[in-house]
Each structure stands twice: as C-alpha cells, then as structure tokens.
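TrEMBL lists 36-153 with the feature domain 'VTT'. Under the heading transmembrane segment, TrEMBL lists 12-34, 40-72, 130-150, 170-187.
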Amino acid sequence: MSSERIVQWLESLGQLDFPAAIVLAALVVASSFLPVPRTFVVLGAGAAFGLCSLVVILPVAAAASALAFMLARSVLRGWVERQTEKHAAWRLVAQAVDDEGWRIVALMRFGGPLPNSVQNYLFGLTNIGLLPFALVTFLFTLPQIVFYVYLGASGRALLLDDGPMPLNRVLVAMTLVIVLVILLLVSRRIRAILARKTGVMTAESASS
C-alpha cells in the first residue's frame, strides 16, 4: 500500500475522533507485527490529522513494539529463529546486540536498514532486557516519528495552501536534508559494525 493510498484512506475518516484513532492505532500495530512500512503510516497520519496524530502513534508504537519483542522471546521464538536462520544480516545484527548491547538497538531504531517489525522480533532473540529495549526504542524512534508526522502535516498544508506551518518551506527542506544525512551516516555506521562482525566471525571460523 502506497503512502498516497494510506493518506486518502485516513482522510476519508475525517477528523481524529475515537473511530479514526482506533483505525490509526490498528495501522501502527500492524506495522509493528507485519511487513507494513511504518513510514507510510506515519506520513499518512501527519497529512490526514496533523501533529495531534502523535497522541495515538507514540504510545501505541511503543506498546506494540514491546509486545512483539515479548512474543518473539516466548511463543513465537521458534518461528523467529527459523526466519533469522534464513538471513545472514539478521544474525549479524542479533550478534552485534549481544556483544554491544543497547547501542546497536539505538542505531537500528534511529536509522537501521531493517523494517520496524523485523527489528521487534529480532531483538527478542537477543540478551537485551525488556526495559532497556522499550526505553531505547521509545527514545530513538521518537525523533523519526515526530519528523515524519510533521513532514506529512507540512506537505499537506503546503499543497492546500493552508498557510505556513511553524517552520517555513526552506526550513522544512533544510530539516529534511539534515535528517536524511543523519540517517545515511547512521546506516553507514551500522554497516561498518556488521562488516566488522562478519570479519571477526570469519576469522573465528577459520581458526576453529
């Protein structure tokens, strides 16, 4: 489902009343458990409902991520382990979390290459505790979620010529560039860590 379709669907609900909030919450939950791009959901919510959609998105996203994490650690563990065995990159990320702890979770949450739902399940297989996972997840997804909601709201306001948002067009564009650069740097950092892990694991295999 494209971001445009999500926006159109959310807009058809009208204002962010209780039924619309339930639908938005369901989409956020789906992006925590299924391969549904959360970025599209957040952008769509920002465009349809504005910044007030954060009241729904932030707590629901945090709770759903924690639930997926706990399920991966319990009833879904076998299934998640089988999926992880099929993807070498997932195994490297899990090993990196076991070795370096919450720092890897923070990097992945801020700008990791894996979908949100995959991260929720994958981190459930590692030795990180629920409380550190939940806290780091909330803190390091907060800037990204707020930015995408604001971007969606700003884009819609500009298209409809509803008047300037608190930031003008130039500042919105500059913010977008800065965030993209940060995401690129974080992604490169993650890839460097995983490459180092690959080298260490290869050396250990050769020596054994």
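Positions of Cβ are set from backbone N, Cα and C atoms, glycine also.
Heads up, TrEMBL stuff is auto-annotated, nobody curated it.
Counting residues per DSSP class in helix, strand and coil order gives 101 helix, 0 strand, 17 coil for the domain 'VTT' (36-153). Note on the domain 'VTT' (36-153): mean pLDDT across this stretch is 90.
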